[in-house]
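Chemist: Sharing the feature lines straight out of TrEMBL:
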- 30-230: domain 'GH16' (DOMAIN)
- E116: active site, nucleophile (ACT_SITE)
- E120: active site, proton donor (ACT_SITE)
- N124: N-linked glycosylation site (CARBOHYD)
Amino acid sequence: MHHTILLTKAMTNLLKFIGVIGFLSAYLLQISRASVVSTGDFNKDFFVTWSPSHVNTSEDGKARSLKLDQESGAGFSSNQMFLFGQLDMQIKLVPGDSAGTVVGFYMASDQPNRDEIDFEFLGNVSGQPYILQTNIYADGSDNREQRIYLWFDPTKDFHTYSILWNLHQIVLMVDSVPIRTYRNHANEGVPYPRWQPMSIKISLWNGDSWATRGGQDKIDWSQGPFVASFRNYKIDACVWNGNPRFCRAGSPTNWWNQKQFSTLTSIQRRLFKWVRNYHVIYDYCQDNQRFQNNLPKECSLSKY
């Protein structure tokens, strides 16, 4: 009888232990599932959102191009939505006279009070430099445009454009050079994208009402069709599963939330200052006229 009671207790403890291990395994599995390293195959990670006839994908799925003509532009979007992480996309922009064309590479939450992180490449007449415009929507408000001239011709070859988005900061990078930061100053009353998942979107479209010299230079359709190319993308981000807790956790899988990614490194700061000093052509934080001398609050707060 005594042996039976001890055996029953031992079995109960063993089952409890197995239960705890099972729970931990399930939790860790969910955490590990939260992060994805992309397949590198556009057909597997993205779906075409409009004008499939203007989307051309290589046989192995590793490269894709979009075409703009008088009939239509085109676009595609990620199958998954993400909350924090880093994504890289290699892009070669529309060559030649690209005035009026816009290539978009961005993340968006698709909510009325939407969050969005934008790269927009504004075409130009032949011989003039491309303009890279960035913008950030936080909780439905935007008006945070910055514009830079790139230090290379983005139509000659592929370059890597990256978004790092975590609990602490958003960093937009070109070939690993940080061109823009947007810090989490939510405790100061500044809106910051931190709760809504976002999908990745790519598009090529006619923006000649505003894109080039405020809409003065229209698309010259005789120069078309206009083609932008994409390849070698990488998505390392927290896949949205309906529970922000997993994406906000500081687990080894969610490397982007770790302390070393909470601000720019010393090398990144030097590069960032170089971009600010020599390549910025418009910054909303310097546009007193637009904001009637009442600049948004984040303009006076730390950038890194």
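Every residue gets a Cβ built from N, Cα and C, even glycine.
Where the annotation comes from TrEMBL, it is an automatic prediction and has not been curated.
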Chemist: Tally every other Cβ atom lying within 10 Å of the Cβ atom of E116 (active site, nucleophile).
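Modeler: Here the count is 21.
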Chemist: Rounded to a whole angstrom, what is the C-alpha distance between E116 (active site, nucleophile) and N124 (N-linked glycosylation site)?
Modeler: 25
Chemist: What same-chain residues, at least 6 away in sequence, bring their CB to under 8 Å of the CB of E120 (active site, proton donor)?
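Modeler: Expected: V102, V103, G104, Y106, L132, Q133, T134, N135.
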Chemist: Report, as a single number, how many Cβ atoms besides its own are within 10 Å of the Cβ of N124 (N-linked glycosylation site).
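Modeler: Counting Cβ neighbours of N124 (N-linked glycosylation site) within 10 Å gives 20.
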